């Protein structure tokens, strides 16, 4: 069975209750299903907290964090360090054998600089599946941060949705984007069960989908096109529904290519 990538986002890393629910769902799923799982995570809330403590400005452009050269070390420490190891600690607590990685390990995801204006922000492209497939074959849960490295050794901060998309293409995996929201909402705050590219463009033009959600929707659309299969956007808040989601039952918004 092809692997499933679960991309974690939002304030999940700040909530012990959410992490407990998520890892309980992961344990239950792994006990009853053989499907290999991979976690990809960002950690914007961890970065924001650290930047605030250091009195450093947080600047975003089109939903992407501007990352100057003097901040990439701090952001790497927050994402590949604190956020990644927090998730590994929760996996350990729940007796799940896990391995912490970043995108550059085993050249799993290739990264180039997105553009000069954003600084150390990377564009993710599919890489080599060898390392992660080896870990999956041996029963490990890879936990991958959204920090990458260019061919000339420059660390890059990669949007975690886009990192997960590139890794899904690398592994031929299905993809779920878990966030704070239960899916994409229409103008009345109602969840949209299915979303096509034309519907997404319409809602962006109307100002209903904005900021970071535009990046999330575009990443999901890119993933659906690249993978040739639907991608789910859903919430981690409903833990009891997560095993069904991991098994292919939509509970949020299903993005169609």
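Cβ atoms are placed via backbone N, Cα and C, with glycine included.
As annotated by Swiss-Prot, site 'Transition state stabilizer' applies to 7 (among others). For the recorded site, residue 7 (site 'Transition state stabilizer'), the DSSP three-state label reads strand. Taking Cβ-Cβ distances under 8 Å and a sequence gap of 6 or more within the same chain, the neighbours of residue 7 (site 'Transition state stabilizer') are 39, 40, 41, 160, 161, 163, 164, 175, 176, 177, 178.
Annotation comment: Swiss-Prot describes 43, 44, 65, 157 as substrate binding site. Annotation note: residue 65 (substrate binding site) sits in a strand segment as assigned by DSSP.
The ATP binding site feature in Swiss-Prot is assigned to 180, 181, 182, 183, 184, 185, 208, 209, 210; the stated evidence is sequence analysis. Taking a C-beta cut-off of under 8 Å and a sequence gap of six or more, residue 210 (ATP binding site) has these contacts in its own chain: 204. In the three-state DSSP reading, residue 210 (ATP binding site) counts as coil.
Sequence annotations record features per position, and here Swiss-Prot assigns site 'Transition state stabilizer' to 216 (among others). Other C-beta atoms found within 10 angstroms of the C-beta of residue 216 (site 'Transition state stabilizer') number 24, with every protein chain shown included.
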Checklist entry - Apart from 43, 44, 65, 157, which residues in this chain have a Cβ no more than 8 Å from the mean position of the Cβ atoms of those residues at the substrate site? => result 42, 47, 75, 78, 79, 146, 160
Item to check | Those binding-site residues listed as 184, 208, and which of them has the most Cβ atoms within 10 Å of its own Cβ | outcome: 184
Checklist entry - If you count the other Cβ atoms within 10 Å of each Cβ, which of the binding-site residues 43, 44 comes out on top? => result 43
Next on the checklist: Please report the Cα separation of residue 43 (substrate binding site) and residue 180 (ATP binding site) in Å, rounded to an integer.
Outcome noted: 13
